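**Student:** Please find one structure pasted underneath; my questions will follow.
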C-alpha cells in the first residue's frame, strides 16, 4: 500500500509539474471568443500574443515589451505566481524521487526516505497555492472584463475567454494539491517505520546473549574464609 501511494503521488507530481511549466510557457491564456471577421484565432499568454490565420494556418507572434516595462497588474502577478509554482513543484518532484523506495538513495535509512516524502508532499502543497491563485485570478479577471463589456453593450470587435493554458494551470495546481495530500498522509500511515523498527529483537539478541555469556564466564574471587571452608568440607 505504501508503494502504491508513493507511485500514485509520483505520477500526479510529474504531470502536475509538467502542466504548470507548459501553462507558464504557452500563449493561450486568453483566446478570442467572438471574432466578427472569423479569419484568425488570437491567443494571449503571459509572454507574447499570437494570431493564427484560419485559412492558411500561418501563425505570427509578437512578444511583449521587456519585463522591466510597465505591464498590467494581472500579467505581472500571474507571471510571478506561476514561476514560483513551477520552481516549487520541480523541487518537490525531485525530492519525491529521492524518497521513493525503488530509488537507490540511502537504502539503509528508510526513516529518512519517509521524511523526504513528507517534505516533498509539503512542498507540492505549497506549490499548488500560487499556481491555483494565479490561474483562477487570471480566469476571473478575463470573465469579469468580458461580462462588463457585455453589460454595457460595448463591442470592441473581439472578445476573449480563458483558454487551455489557463485550464492547464488549474489542473496542475490541483494535481499538486492531491499529490501533496497523498504524501503527507503516507507519513502518518507508515509512521512506524523508524530506526527502532529497523532493528528488531532478532538483531538485538546477540547483545543480550553476549551479556549473559560474559556474566556466566565471570566468577567472583573467593575470600580466604571461603577457601578455608572449602578445605574443611573436603576433609
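Backbone N, Cα and C atoms are what each Cβ position is placed from, and that goes for glycine too.
Sequence annotations record features per position, and here Swiss-Prot assigns transmembrane segment to 4-24, 80-100, 116-136, 170-190 based on sequence analysis. Feature annotation from Swiss-Prot assigns topological domain 'Extracellular' to 25-79, 137-169. The topological domain 'Cytoplasmic' annotation in Swiss-Prot covers 101-115, 191-235, and the record cites sequence analysis as its basis.
Any idea what these are sitting next to in the structure?
**Tutor:** Predicted-model confidence for the topological domain 'Extracellular' (25-79) is 75, expressed as mean pLDDT.
For the topological domain 'Cytoplasmic' (101-115), DSSP puts the residue distribution at 6 helix, 0 strand, 9 coil.
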